[in-house]
Amino acid sequence: MATVDHSRKQILAKVVWYGTSGSGKTSSLQHIRETTSSPAERRKPLDTRAAGPEGVYEHYTLTVSEQRGYRTRLGIFTVPGAPRFAEARRVILEGVDAVVFVADARPDRQQANKAALDELRTHLDSYDVPLERLGFVVQCTFIDAPDALPVADVVTPLLADRADAAAIPVVGTVPVRGQGVLDTAHQVARQILKLVPPG
Ligand SMILES: Nc1nc2c(ncn2[C@@H]2O[C@H](COP(=O)(O)OP(=O)(O)OP(=O)(O)O)[C@@H](O)[C@H]2O)c(=O)[nH]1
Ligand SMILES: [Mg+2]
């Protein structure tokens, strides 16, 4: 649950960038950091943590200022996407407030996208947290790939079982160029603000 300090007008929330291997999660976090941190911070290496042999995930805190007068500090985590890090992904999800689901637009990644979303639900079940109760944004990546599917064709099947599908923000992005990444972060900050009861 996001922490809200109404007197200081500050919200603290945990956001996990979740999705299949090679879909652009780390590239997204790198872009967010490069464009929002101070020059001194940028000189330090990205906060990278071990998730088991060879697996890594990253962390960065992004401050989004002045939404309805609140400053939102997003503690962002990526997950390592390879199948063998399933348990590491489950652990990283503990206490999450919002998920950015990264859906790869390349045709041969569609089954992997679906498997990642199914796994996300299973992991959240282990914490008794329905995905519907969290902030949720879909970041479609690789829209620059020569064979990329249209964003709607990637996302519609993934959201078919959600009654609120029309209200879920969907952003088409190219993380390696930074395209659409900050928009994704702002969308998720907005989703978190909606979960916060007025002070
Ligand atoms: N063309 C293109 N390349 C991308 C895009 N997003 C990421 N890449 C590249 O794809 C590769 C994988 O990207 P990462 O950001 O490491 O993927 P990840 O989701 O963190 O992967 P895991 O950590 O294995 O789960 C890198 O070489 C990126 O430069 C994109 O939208 N378009
Ligand atoms: Mg990564």
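The backbone N, Cα and C atoms fix where each Cβ goes, glycine too.
From a predicted model like this one, the values you see are computed outputs, not experimental measurements.
What TrEMBL annotates here:
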| type | residues | note |
| --- | --- | --- |
| REGION | 22-47 | region 'Disordered' |
| COMPBIAS | 23-39 | compositional bias 'Polar residues' |
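Cβ atoms under 8 Å from those of the region 'Disordered' (22-47) belong to residues 58-60, 62-63, 76, 78-79, 81, 100, 102-104, 109, 113, 139, 141-142, 173, 175-176, 178, 181-182, 184-185 of the same chain, restricted to positions at least 6 beyond its ends. Helix, strand and coil counts from DSSP across the region 'Disordered' (22-47) read 17 helix, 1 strand, 8 coil.
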